[in-house]
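Okay, so here's the structure we're looking at.
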Ligand SMILES: C[S@@+](CC[C@H](N)C(=O)[O-])C[C@H]1O[C@@H](n2cnc3c(N)ncnc32)[C@H](O)[C@@H]1O
Ligand code: SF4
């Protein structure tokens, strides 16, 4: 379905992506303590480990070369001697969690999900990656229905990486493609010919990976309708199982961000960026991909799509997942843990993270403990982002701000984006591109304190 221009224009405001609620800038850091967070982690572990298992997000921050559009936490180096120290720190951090949990439960953690993100996981040698995964399982069991995935950089993923990770249980890989146009690649300082992506894509298929995803970004410098269409048509030749189509998040105010390597005047203007988004949506639709939540597209036969149809989709800091674990532990520099009733973020500074781990300290820098109201709002936002529907007929799903929330939704209702009853909201097909805006109506913390400075990137 084609989205009318005037709606795309109207709802293109700055807003969160809701991988958590409250969103990070609204965490109440003054009320947070590492001790209380760890207590919440233990409580959630005790009730969820046996039936849901535990998810691990592991941040591997190194990259050999800086892409000037990148908003991820990364450290650029060509010195691979850094690998061993970092892997040792990750395993030590995991051991800290394992020892703590063992004091309160007889069960070993059952790992259901692992995601290796970055930076560039494939910066690390296959031997180090194997040592990392095997090290985790020295103190944990493999859960039924496990899903292990990693982000591979097409320029440095080797057959040995793919085989080593396959051998320890990985079946999903996502490749950072971004854009195939030579001028765009030069501007973002990422020279990556189609042949590189084709090679690693086919190698993964050959080894037996069952889900290959490609990340594309729209809104990059020098992109045009024709260049993005060409990138998408090239992508179609490899027929990935999933696609991420990210809106370029231009956040140059973030410290240490390298997003100054190109002229801002080279970025597509607002209307062009919106047209790029619509182009992508239409082409993916023609190619047989279905939009899953936001940013993600999958074939109808893909498990993420099936999870969406069966109302099993979940969302956390890793994005959309089909495994709903209430305990997600983030290991590594800047990683965020979500223990359902609390969030914690590790030190964002690599040297600080390593120093704290090596001094036997928890590397946690900040966090938030969810109030009863936060838990209800979070459930509504999850329902909207994952099920396109939420309901407050049950007393347990009501909060005192409901009248204000409904008032904020009214305009979107008249614009034909959603259906409102006195106890529920259903997002219509036409409202799908605007689920972040719809979720934002429930974000009582954001409305209570409008930011003085820019916190979020634009919706599109
Ligand atoms: C950690 S990278 C993927 C792995 C590897 N480092 C690579 O570049 O191939 C994660 C993905 O985030 C996306 N990304 C990074 N910076 C972004 C930005 N500023 N706006 C939108 N997406 C971005 C890119 O699509 C990128 O592939
Ligand atoms: S896009 Fe990937 S490779 Fe490039 S700097 Fe960011 S994390 Fe590193």
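Using N, Cα and C of the backbone, Cβ positions are placed for all residues, glycine too.
Predicted automatically and left uncurated, TrEMBL annotations should be read as such.
In sequence order, 116, 117, 118, 120, 121, 122, 173, 174, 175, 176 are the residues near residue 151 (S-adenosyl-L-methionine 1 binding site), counting only same-chain partners six or more apart with C-beta under 8 A. Residue 151 (S-adenosyl-L-methionine 1 binding site) falls within a strand when secondary structure is assigned with DSSP. TrEMBL lists 57, 118, 151, 336 with the feature S-adenosyl-L-methionine 1 binding site.
Residue 63 ([4Fe-4S] cluster binding site) has a Cβ environment of 21 other Cβ atoms inside 10 Å. According to TrEMBL, the [4Fe-4S] cluster binding site annotation covers 63, 67, 70.
Summarising the annotation, TrEMBL assigns S-adenosyl-L-methionine 2 binding site to 69, 70, 71, 119, 120, 178, 190, 215, 249.
If you average pLDDT over the domain 'Radical SAM core' (48-286) in this model, you get 94. Taken from TrEMBL, the feature domain 'Radical SAM core' covers 48-286.
Here residue 249 (S-adenosyl-L-methionine 2 binding site) is compared against the binding-site residues 57, 63, 67, 70, 336, and the shortest C-alpha distance is to 70. Not a single one of the binding-site residues among 57, 69, 71, 151, 249, 336 has a C-beta coming within less than 6 Å of an atom of ligand 2. In this record, S-adenosyl-L-methionine 1 is bound by 57, 118, 151, 336; the longest C-alpha to C-alpha distance in that set is 17 Å. The DSSP secondary structure for residue 71 (S-adenosyl-L-methionine 2 binding site) is coil. Listed binding-site residues: 57, 190, 336. Those with a CB atom under 6 Å from ligand 1: none.
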